[in-house]
Every structure is written in structure tokens, then in C-alpha cells.
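The block underneath contains the structure these notes are about, expressed in C-alpha cells.
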Amino acid sequence: MRGLNLALLPYNVFPLVYKYPQSNAGVETRNEWDLRHSTDFDSPVPMAWKKVKLFLNFLLLFSVFRLSQGKEFIKSRHPYLETASSFLSTAAHVYDYIIVGGGTAACPLAATLSRKFSVLVLERGSSPYGNLNVSYLQNFHIALADTSPKSASQPFISTDGVINARARVLGGGTCINAGFYTRASHSFVLEAGWDAELVNKSYPWVEKQIVHWPKLAPWQTALRNGLLEAGVAPFNGYTYDHIYGTKVGGTIFNEHGFRRTAADLLLAGNPKNLRVLLHATVQKIIFDTSGKGGRPKAIGVLFTDENGNKHRAFINAHSQSEVIVSSGTIGSPQLLMLSGVGPKNDLKKLNIPVILHNEFVGKGLSDNPMNTIFLPTKKPVEQSLIETVGITKFGSFIEASSGFGQSSDSIQCHHGIMSAEIGQLSTIPPSQRSLDAVKEYVRTKHEIPREAFQGGFILEKIDGPLSTGHLSLIDTDIDSNPSVTFNYFSHPADLQRCVEGIRTIEKIIQTEQFADLAEDNSYTKEILLNMSVKANVNFIPKHTNDTASLEQFCRDTVITIWHYHGGCHVGKVVDHNYRVIGIDNLRVIDSSTFNSSPGTNPQATVMMLGRYMGVKISLDRLGKTSRD
């Protein structure tokens, strides 16, 4: 029980806790001890044990009380949170805005809009509050390894053969990511056509509430020094800005390893105007096509609650009230298509009535490929996620993670194949890999040698990327994962960036910083590459010459860092104000609108976008500008 003060224990409990004999060799037996300490010989249960039982019952009641207090505290602090089943479709209440999804962009968007307008947020997942797998850094990999239906992450496997995950929790990807916080480049903001002044107000709005500066872990310090020694210079210090060279970025983990998330940004909203329903899975958007020229107009949504019951929620009749889809790169194009907005031939195959033909919905998806090199160390290293980054001029970002082998227990209980950064060691042949095989691996992973987890990874991620893929529906079930293809390294420039990134990592490993940490200074480049081939599990068949060709190494060991984006691009699916082209009162605001991943890690910009668009929509509706 956390926080239990031993000074509060009854004094006569201590002999039971600290002095009870482990055997009867040379000491009294348990019965003798019980009789000597008992003062109630009429009872079969000695008095001392009665006191223990009474005290344990007290602890049980106290813990139940604390649990109920915790729930009451969450409710008092977050009065807008409700379960979906609390919604009454028959109620006359309508909303200025309905936001589908409660993720990274949706939470700051909802908080901002609720300052002036009524907002309903529909989140298919649960609350992050009280979920230890979400809240603590040391449990980062557990959330990703959890493949149960109630997990905060939902696994999927792209047709490329790469294991991936999508968020299923209020707060979205900020609840299951590695926590690194860094802004987009100035060129990204310029190409997006955003108002730079409003952007520069929106980032700090997020940062003041949930972002911290990390205390660098030893592995991160070694990476910083190794990057500089390898020529990724200059050192730009602690900064959120995207600048060539080496820097330390922000983190949403505080000094105690406690995670802050986008869900915390809802506290900035007006609770009187804000309602957030959990376990509310939107099945489709409801349209009115009876208007002039038959132009579709979004008027509400159909959703199911945690019990499978269906409900309808509607926006009010105001011309500027809207349904805003913010379900992420996978969820947003999927929902549009299930609602009848997308390539008509694909929709007709699944007997989905076509509301609007748009061939670009679900097209142009990208995922930034990541490749890693594993370095065994002399002794266990402190756990760390992303804190330091090297931003190269050739289009690759160098980061690191470490510390997954502190004890044999941590391997048996705290590691899962769904987390790319902890090794994903497996002997399962690629042709036999499936989610069932993944679960079996998790169950038997204690058989892996402990030394395989003693060390850390140095990662390289491709900027952009230039390679693109697509998303298509498999069925009409919103809970199913659609078919996703990313076409990793299909563009030759991406492959070249990976090769340059791996060469840079090789230089870093050879620096004095990592030589002092390495288990064996005689490790050759080929040995480390061979270890890394085994340490990165995907469903891609391996080649015998993996380590002979860096190009082949990149193709065969590609994994994800969960920075996928696209599918609802600006100019093709939405306009520059994120309104869905050809449909009234409907927007998409999330990473599915991005052409490339912003900065080295996207969460900062996705949250900023939510705040930015919340301000813009509010000002437009009130007839003001950001400079008023």
C-alpha cells in the first residue's frame, strides 16, 4: 500500500511482522509462539492474530475508502467526464460543436471552444486517470504490450509487415508515447499556411500546462556528447525549437516519471460548457442532404455506449455549428469512409451509401520509418525514453532509449513485443507471426537471455518521409482496424537517409562516451548490426546479407516510432481551414491532415493545432481576429 506510515501500526503488530520464525530449527514452533503471545485461550484463533486480522480489515476498508476518494477526486477535478451510457438521446439538448475523438488535438480544441460555446466530446476509449500503465514512465512498454480490448493502445499490423499501435484513451497518443516534446520547424509552419503569431501563442499555452524539462539520464547524456563528437553540432542546449545540431527537448513526464497528457488540457476549458463521454464509439456522421443542390451538411453523429446501445447527438441549427472529426490518422479517414465520404467504388463494395465521392480520402498515408542499433552494456543502465535528439542536415533524426534490463523480473513482467524500443527479440519466423504469436511471445519472453535486455538503443528516424501509402476499409465495423499500407523506403531518398543515419550511429557508438558503457569494446560494426537485426521484430523476411548492405539492413529492420500521418490532406480532403471539401459544417483537425511529420516528434504540434484551431474558430464565429 503506497504511502503507508509504519509509525501508525499498532505496536504489538511489529513482532508478527519482523520476528516471526521461519523454521522450527532451534526455535519455538508457530503454535508455541501463538500460545505464548495469545491472551485468549478460549478462542481457536490467538488474540494476536485477531488483532492482525482486525488491522488488515481496517487496511482493506481504508484502501476501499481511498479508492472511492480517488474516484470522487477525479470527478470533482474533471466534472465534465461521464460514461457514454449516461447520454439520453431523447433529451432536447444540442451542441455548438461535437468533437469525434478525445485525442492529442481534440482535447486542446475542446477546451478552447468550450470557453465560449457548448462542446460534446465523444471518446471511444477510457480515462487515463488511475491507469498506472499510462501514468508512469516505467510502464511505458506495458501499455503497448497490452493487446486486450480495454487497453489504452490498439495494435495493428500494416501490410508492410510492421507492428504498430493506435491510441484508444482520452488524451490519445500523448498517453502511450515516449513523451518527447519539440516544436515544428519554421518551414513546416510556413508551408502549412498558419498564422505565425497565433502559432507562437498556441505552443506556450500547451507548454505552461503539461511540459517539463528533463533531468538527463546517463544514456541521454552519452548520446548528447556522442552526437557532438560525431559531428552533429552545435549543441543548442535545452530548447523546444527545431534547430540543426544536438539539443535536449521537453518532456511530458515530470521529475518523478509521472506523465501529463493532452487530457489535462481539458482543465483549461469551461466545465459548464464541456461534456466528455467515455466509451462513446461513433459509428457514423449523420448528414442532411435535403438542402439546396443536395449539398451534404453534417448535423450530428450516431454512437454506441459501453453497453452497445445506440445514441444520436446533434449540433444546433446555427450556421457555424459543426461536427469536428479528430480521431487521428487511422480513425479520421476510416470514419469519413464509413459515413459515405470517400472513393465511391470502395464504398459501394461494402454497401455503404455514398454521400460524397472523394478519391483522396485514405490516400497519402506515411509513417516515419525507424531503425535502431542495440548496444549491450557492462551493467544495467537507468531507464530513459527520448530526451536528446540530433537533427542532421541530411534528413535523419538521432534519438535513444535505454534501461530495460534492471532485473530479471523486469524482463518477465515488464516487456512486450508491441514496444519497438525494448528489443522485440523473437525467434518466430516472419511467415508465422500474428497477433496471437505476439501474445504467446509476451507470455514466454522470460526464456530470452537476460543480457539481451541489458543495454540501450540508438535510433534513427527519417524526416518526412517521401514514401507514401494508403488506407482502405476491410469491413464496416468501426472497431476493426482498416488495411494500412505505408510503403516504407519506396522512395529512394528515404533509403539513403536511413543509410546516412545508421552510419552516424556507428560513429556515435565508437566515441569515448559509449566505449565506457559498452559491455565489450571489441564489438565490431557487423556484430552490432547482427544483434540489431535480431532485436527488431517485424513480419518482413530477413536476408542472409542483412549486415553486409546497410540498404538491406534498413529495409529488413524497419519498425515504427508511431509518427504516422496523412489520409485527409489539406487541399484534397479538407481546405486550409480544415473544412471537409464539398460538405458543410464538417471539419477534420488532427495529424491526418499533415503532409509530413512536424519536427522530430509530432505531439507538440498536434496539440498546438488543437489550440490554434480552437482560437481561430472561436474568433471567426465572434467576428474577431487573433490580433483583436
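In case you wondered, yes, glycine gets a Cβ from its N, Cα and C as well.
Annotation comment: TrEMBL describes V169, V282, W562, H563, P602, Q603 as FAD binding site. Positions annotated as domain 'Glucose-methanol-choline oxidoreductase N-terminal' by TrEMBL: 328-342. Annotation source TrEMBL lists disulfide bond at C498-C554.
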Original post:
Same-chain residues six or more away whose CB lies under 8 A from the CB of Q603 (FAD binding site)?
Top reply: T104, G173, T174, N177, F180, Y181, I252, A262
Subject >> Alpha-carbon distance [C554 (disulfide bond); V169 (FAD binding site)] in Å >> reply: 32
Original post:
C-alpha of H563 (FAD binding site) to C-alpha of C554 (disulfide bond): distance in Å?
Top reply: 18
Original post:
Looking only at V169, V282, W562, H563, P602, Q603, the residues listed as binding FAD, what is the longest Cα to Cα distance in Å?
Top reply: 25
Original post:
Hey, what's the Cβ neighbour count for W562 (FAD binding site) at 10 Å?
Top reply: 23
Subject >> Secondary structure content, the domain 'Glucose-methanol-choline oxidoreductase N-terminal' (328-342) (per DSSP, counts of residues) >> reply: 11 helix, 2 strand, 2 coil
**OP:** Just give me the nearest neighbour of C498 (disulfide bond) among the binding-site residues V282, W562, P602, Cα to Cα.
**Re:** W562
**OP:** Identify, in sequence order, the residues in the chain of V282 (FAD binding site) that are 6 or more apart from it along the sequence and have a CB within less than 8 Å of its CB; answer 'none' if there are none.
**Re:** V100, L122, R124, V301, L302, F303, S327, L335, I478
Original post:
What Cα-Cα separation, expressed in whole Å, is found between P602 (FAD binding site) and C554 (disulfide bond)?
Top reply: 22
**OP:** State which of the following recorded positions has the fewest other Cβ atoms within 10 Å around its Cβ: V169, C498, C554.
**Re:** C554
Original post:
Measuring Cα to Cα, how many angstrom lie between W562 (FAD binding site) and C554 (disulfide bond)?
Top reply: 17
